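Chemist: Sharing a structure, written as structure tokens. Questions coming.
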């Protein structure tokens, strides 16, 4: 005899349960390394601590000494070499490259998921970076007015560059290469993805300071903020194509 009228067959109910379980699993936050939220709290705490120390006058001597060393050790050849490598941290080209990869994946997969992390990175960096820069009112190392290295320097004349802290170059570099590594995961092993996330920020960190675009602590703050944002983006279940683990990934 058949089951009670109106009840779905047992096999169908099991299929629905499995589909729901898979959907819920797909919406879980993705793992990051180091695991847990303690590292994110540490990044935010270090950024806040660094900002507070600078506002109180600490580490300004280190920034000034680094600036003086850079200015006295620049040559024409090293300046232009550093400037070329510094283009690795330009926000607009990185955004366009990320968008191009995302559009390719979106067309290939026939869904918009690959575009979403690009949109998220663009919005978060825009919302976070510029308000902090405006709030902290720090001049660039090339500023020749009084208290050039200070945070919250209200003496900077209108029209002068006063948005040096934190370094947008470093935030953009960390975040956008993280997005690119996320999108290219099907074609890159773990080692390649790690190099993509570390090498460009390291190069931009050194060249930005050497070119005297930013104070040393501007760049440190940019790295802390960039890693925090990148980890937030990595945690989201974007439904992107994944790469099957291979021996080189373990």
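Every residue number used here counts from 1 along the chain in the order it is shown.
In case you wondered, yes, glycine gets a Cβ from its N, Cα and C as well.
A quick note: this is a predicted structure, and the numbers were derived from the prediction, not measured.
Okay, so TrEMBL annotates it like this:
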- 116-236: domain 'Phosphatidic acid phosphatase type 2/haloperoxidase' (DOMAIN)
- 37-60: transmembrane segment (TRANSMEM)
- 80-105: transmembrane segment (TRANSMEM)
- 112-132: transmembrane segment (TRANSMEM)
- 169-187: transmembrane segment (TRANSMEM)
- 194-210: transmembrane segment (TRANSMEM)
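Let's see these features in context: how buried, what's close, how far.
Modeler: Note: the domain 'Phosphatidic acid phosphatase type 2/haloperoxidase' (116-236) comprises 81 helix, 2 strand, 38 coil (DSSP; helix = H, G, I, strand = E, B).
Through the fold, the transmembrane segment (37-60) approaches residues 136, 149-152, 165-166, 217, 220-221, 224-225, 227-228, 231-232 of its own chain, all at least 6 residues removed from its boundaries and within a Cβ separation under 8 Å.
Below 8 angstroms of C-beta separation, residues 114-115, 117-118, 121-122, 125, 168-170, 172-173, 176-177, 179-180, 183-184, 200-201, 203-204, 206-208, 210-211, 213, 240-241 of the same chain, each at least six residues beyond the ends of the transmembrane segment (80-105), sit close to that stretch.
Here the transmembrane segment (169-187) has long-range neighbours at 86, 88-91, 94-95, 97-98, 101-102, 105, 114, 117-118, 121, 124-125, 128-129, 193, 196-197, 200-201, 204-205, 208, 213-214, 218-219, 221-223, 225-227, 229-230, 233-234, 238, 240-243, meaning same-chain residues at least 6 beyond its ends whose C-beta is under 8 angstroms from one of its own.
Tertiary proximity for the transmembrane segment (194-210) is limited to same-chain residues at least six positions away from its ends with a CB under 8 Å from its CB atoms, namely 66, 70, 74, 78, 82-83, 85-86, 88-89, 167, 169-170, 173-174, 177-178, 180-181, 184, 188, 216, 219, 223, 226, 230.
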